[in-house]
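In Swiss-Prot this protein carries:
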{"type": "DISULFID", "residues": "C41-C109", "note": "disulfide bond"}
{"type": "DISULFID", "residues": "C155-C184", "note": "disulfide bond"}
{"type": "DISULFID", "residues": "C328-C370", "note": "disulfide bond"}
{"type": "DOMAIN", "residues": "126-203", "note": "domain 'Ig-like C2-type 1'"}
{"type": "DOMAIN", "residues": "318-374", "note": "domain 'Ig-like C2-type 3'"}
{"type": "CARBOHYD", "residues": "N42", "note": "N-linked glycosylation site"}
{"type": "CARBOHYD", "residues": "N281", "note": "N-linked glycosylation site"}
{"type": "CARBOHYD", "residues": "N296", "note": "N-linked glycosylation site"}
{"type": "CARBOHYD", "residues": "N325", "note": "N-linked glycosylation site"}
{"type": "SIGNAL", "residues": "1-25", "note": "signal peptide"}
{"type": "TOPO_DOM", "residues": "26-396", "note": "topological domain 'Extracellular'"}
{"type": "TOPO_DOM", "residues": "419-458", "note": "topological domain 'Cytoplasmic'"}
{"type": "TRANSMEM", "residues": "397-418", "note": "transmembrane segment"}
Amino acid sequence: MNWGIPFRHLLLVLQLALLPAVTQGKKVVLGKKGDTVELTCNASQKTTTQFHWKNSNQIKILGKQGSFLTKGSSKLRDRIDSRKSLWDQGCFSMIIKNLKIEDSETYICEVENKKEEVELLVFGLTANSDTHLLQGQSLTLTLESPPGSSPSVKCRSPRGKNIQGGRTLSVPQLERQDSGTWTCTVSQDQNTVEFKIDIMVLAFQKASSTVYKKEGEQVEFSFPLAFTLEKLTGSGELWWQAERASSSKSWITFDLKNKEVSVKQVTQDPKLQMGKKLPLNLTLPQALPQYAGSGNLTLALEAKTGKLHQEVNLVVMRATQFQENLTCEVWGPTSPKLMLSLKLENKAATVSKQAKAVWVLNPEEGMWQCLLSDSGQVLLESNIKVLPTWPTPVQPMALIVLGGVAGLLLFTGLGIFFCVRCRHRRRQAQRMSQIKRLLSEKKTCQCPHRFQKTCSPI
């Protein structure tokens, strides 16, 4: 029998077995500090062969002995594991939990006379301080990285703004829209890992608001917050600058504790009313021209540096009629582009100007509308009814004057009438007197003649 060939085959197999394991290409895996990573290692065949994980110093970390998982005396001993259920499929991964920056190094998997190298790079991205920041404050994100790495960071804010940087990334002047989840991508050697950081921007829902009211109407000021906290404690104050006043003054001060509001001090004119629960609400009993102006509500939160601010404006409208003049006026901060108009109902505007007062002389009878509008959108409207001319306040005085004149004329006429009548009677009396006198003279003259006629001889 020829034993040469089998012996040569056995020798070749023995030599191959003694050869060192072949090293495969190195893979790069990026991990996040505090997270879990799985380093994969696969055999060419589905088998339950032996495998070992080591670090770059050839210290055994994890392996398989029979059907059991064995762990070495490395610093990862309490944070490593493997998926035993996948061993029979030729998958021999190493799972590292609660990653640390110092876990960054090269790990070697030995299986089937081959070596697979995996370079693990662990990064951490954290906010410089609290993730609850006041509107207007700055956000700084700091990247922790292993020595020798040169990563880049790109973050996208909830409002879609992109910010790029290196190991430090700064975002000045945070806005209310920046509140939410920030998505940051760390890149290294064409590999990426994604971080999500929740940032809460403490702010009011609106930076500024304007309330439009007719004179005499009740005014409601609302200051809703753009965030929700379980425990909310602080203090606030509303300062008001009236348009007609030379300086601003404090209208109300209050405390906020566990979302409940208590008033500390309030002015007597005007006497504001405040709700006892969030959102912050203030009520002004009447909108008057002397109250029109601008206010600034500040809210200081406990354990926070700085204050929240919201500006509020009050615009008051008045429509009046005096004598033959119909006037429409507004008080308070208004944009120069706003239009103020006076129009008869269902008719075109009689007057329309970019002004704070308009008027119409001798207005027609009917319902007039005073309108404050912005690009065709009516912001404020006040109606006033113009009555017919005769009942206007000026007529009674005219009637009194006319009555006086008529009375004077009548009195004068009656006086003249009675004077003429009196003269007429006097003349008539004089004439009668003359007639009587003449008649009496005629009688005395007739007696002798009558006597002579009777005594004459026959």
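Keep in mind that glycine also has a Cβ here, set from the backbone N, Cα and C atoms.
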Query: If one looks at the chain holding C109 (disulfide bond), which residues at least 6 apart in sequence have a CB under 8 angstroms from its CB?
result: L39, C41, F51, H52, W53, F92, M94, K115, E116, E117, V118
- request: Find the one among the recorded positions C155, C184, N281, C328, C370 whose C-alpha lies closest to that of N42 (N-linked glycosylation site).
  value: C184
- request: Sort the residues of the domain 'Ig-like C2-type 1' (126-203) into helix, strand and coil with DSSP and give the three counts.
  value: 3 helix, 45 strand, 30 coil
- request: Report, in whole Å, the straight Cα-to-Cα distance of C370 (disulfide bond) from N325 (N-linked glycosylation site).
  value: 14
Query: For C184 (disulfide bond), which residues of its chain lie six or more apart in sequence with Cβ-Cβ distance below 8 Å?
result: L125, L141, V153, K154, C155, R156, L169, E194, F195, K196, I197
Message: So if I draw a 10 Å sphere around the Cβ of N42 (N-linked glycosylation site), how many other Cβ atoms end up inside it?
response: 17
Task: For N296 (N-linked glycosylation site) and C370 (disulfide bond), determine the Cα separation and express it in whole Å.
output: 29
- request: Give the residue counts of the domain 'Ig-like C2-type 3' (318-374) per reduced DSSP state, in the order helix, strand, coil.
  value: 0 helix, 37 strand, 20 coil
- request: Could you tell me which three-state DSSP class C41 (disulfide bond) falls into?
  value: coil
Message: Under 8 Å between C-beta atoms and at least six apart in sequence, can you list the same-chain neighbours of C328 (disulfide bond), or say none if there are none?
response: M317, R318, A319, L340, S341, L342, A357, V358, W359, C370, S382
Message: According to DSSP, collapsed to three classes, what secondary structure does C109 (disulfide bond) have?
response: strand
Query: Between N281, N296, N325, which of the glycosylation sites has the fewest other CB atoms within 10 angstroms in the structure shown?
result: N325
